[in-house]
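Okay, so here's the structure we're looking at.
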């Protein structure tokens, strides 16, 4: 203990000086650079009175808070006395502090112009029973220090001698802690430990770890030196060879090109396998005349290898709050979709932070499924933006050759890498977000099945060693984030679908289309057509006209085209010098867009018996269909037309059988088939149709036809029928309901068990549409058909004999 330490008494109240990036240990001399105005004021006041100050480490070791608050520094530190002080010309101070003892803050009693606090002294503890262990730890620290010293260039000999000769365990602990490589948090932990034995134990661990790091570093350095010696030898020999050739006049462009490729190969950061392959091909290139056909093939191959981003990657730190802002800014609505995406991103970020040994990409692969124009591709772009990654789109529509994914072997003329490797090359990084667009449009032929190649690409257990046929070296795809899009799941093979996490995107409501148009489409189209906001304005009613009268789609792609047409017309007026702003009202909108394209057909098409409005699902969204039934003089034949599939034909047969069995209860003559043929037609005959969901609509159409009762013009229905008249649940409820709402239908009949699906319907649609859940087709008839008949029901003479044309085999005519 020094003379200063023996004679200095630490008062109960002292000033507090926060330290940035270091911790003050007792029984040491600590140099300080003091530049903060409040700290300079503190030191000046100290020199005028008591020279003792409390040194407390700031918790943030990288940046000093401004202002410094009590919670910004540790409450346990050390008391020190100013030993030496020097003022510099720039006004800052250099001080040498004699650190005395550990102290702890009891209470802050002053905050301005600097902190003062009540403190209590916290002396270190050393039990007699721990003396042997402490002695052993001191010797261990000395041994480790002796091993570390030769591994660190210019290691101070005086420091090693001090460590080896120090007999005071407390002084040794603080001496070693002062020079050891530790973070502020670890340094503070050493200071906070009351037991000297525990301090020495922790320092023993720190020194052992540092020794291991230094030894491994020395081994690596030795290996690098050996490699450098070999490389330098080759370099010297090549330089000598070039000099000899230059003297002989044999220097040519080929050598220059080969040397350039060699330098680029070394700088590319390739994997060991790729580097070995590249050098092998480069040696072949050296020996090959430039006129050889294979020369350009090898050169192209090497340039492709060099251009790949072997070591370049984006910093993909995910901020979930920022991701939320990006998704909300780029897309209106889609709340459930956004929630699922944010959950996915949060899991990736937690896995990256808490389980770095696990590949963060080994999670689910998102697949957005929905109609065209609902934002699948733009969602993928927003995810890349939220993750700070490069985005690249890979269109798979119409791909039917496996080589388009895996690449062509170099034995073929014009061989190229597969589209996946080319996409990564275009992105410039090895961890882009790759959007596999239209994955449901993959097909196969005699050249292979690209779906099989996609299985390897999307499987985390296999894609770490993806081997493109052209490259013929392994490429790690695990850093790549894949997102797929599709219009339907029906054409995606089951093994591929199992690797995807499906997120369904439904149709937009009228309100959502209006919001998307006003927030995104109108400003974007205005900018694309070089129009200023004060030159063209579209009012509320005009947008509704464009949506309701000129588009009928699940997404907004066609709506964007119509808005683009309006902007082109407005741009023409501006170019002609018309007064601005040009206000697009409903009248101008209709003038610019031409004749109306879509009308509400419900009342017009359901004003006679035998016509029913049904609901269908298609890969491009929901739609309404009109099922038409008619009768004619005949002998009981039953015809179907409209390109109906087998399932839909069976639904029609089931509907007819139920009508024949139960029709008398609804006033239908049981012998109607003696003099009449029936024909059920589903318009839009060029479009194939199938599925069981039109069963109740067909039964209702037949009952309407045979009873003369007309369907209510605001009703549509969907549901499967059984021979007993039971109504079974169906799928695609959301798309069908939105299609009905777009068409102006305000009453929808659904199977009872499908009412649970209404929670997927937007609230504004639910408020405008009345839903009826049914379990039997009889309920459908009572809800859908008007009570009075507009035509006389079908009747036949009582003496007529019923032919058996409906008895067993029904003749189905498909026109």
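The backbone N, Cα and C atoms fix where each Cβ goes, and this holds for glycine too.
Swiss-Prot lists 14-211 with the feature domain 'Lon N-terminal'. Sequence annotations record features per position, and here Swiss-Prot assigns ATP binding site to 370, 371, 372, 373, 374, 375, 376, 377. Residues or ranges marked as domain 'Lon proteolytic' in Swiss-Prot: 606-787. Per Swiss-Prot, active site is recorded for 693, 736.
Taking the features listed in Swiss-Prot, we show where each one sits on the structure.
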residue: 370; record: ATP binding site; Cβ within 10 Å: 25
residue: 371; record: ATP binding site; Cβ within 10 Å: 23
residue: 372; record: ATP binding site; Cβ within 10 Å: 17
residue: 373; record: ATP binding site; Cβ within 10 Å: 20
residue: 374; record: ATP binding site; Cβ within 10 Å: 29
residue: 375; record: ATP binding site; Cβ within 10 Å: 25
residue: 376; record: ATP binding site; Cβ within 10 Å: 25
residue: 377; record: ATP binding site; Cβ within 10 Å: 19
residue: 693; record: active site; Cβ within 10 Å: 27
residue: 736; record: active site; Cβ within 10 Å: 28
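Same-chain neighbours of the ATP site beyond 370, 371, 372, 373, 374, 375, 376, 377, judged by a C-beta within 8 angstroms of the site's C-beta center, are, in sequence order, 368, 485, 505, 554, 555, 557. Note: the Cα of residue 377 (ATP binding site) and the Cα of residue 736 (active site) are spaced 23 Å from each other.
The two recorded residues, residue 371 (ATP binding site) and residue 736 (active site), show a Cα separation of 13 Å. Taking CA atoms as the reference points, residue 373 (ATP binding site) and residue 736 (active site) are 17 Å apart. When the recorded positions 370, 372, 375, 376, 736 are compared by Cα distance to residue 693 (active site), the shortest distance belongs to 736. Closest in space to residue 736 (active site), of the binding-site residues given as 370, 372, 374, 375, 376, is 370, taking the CA atom of each residue.
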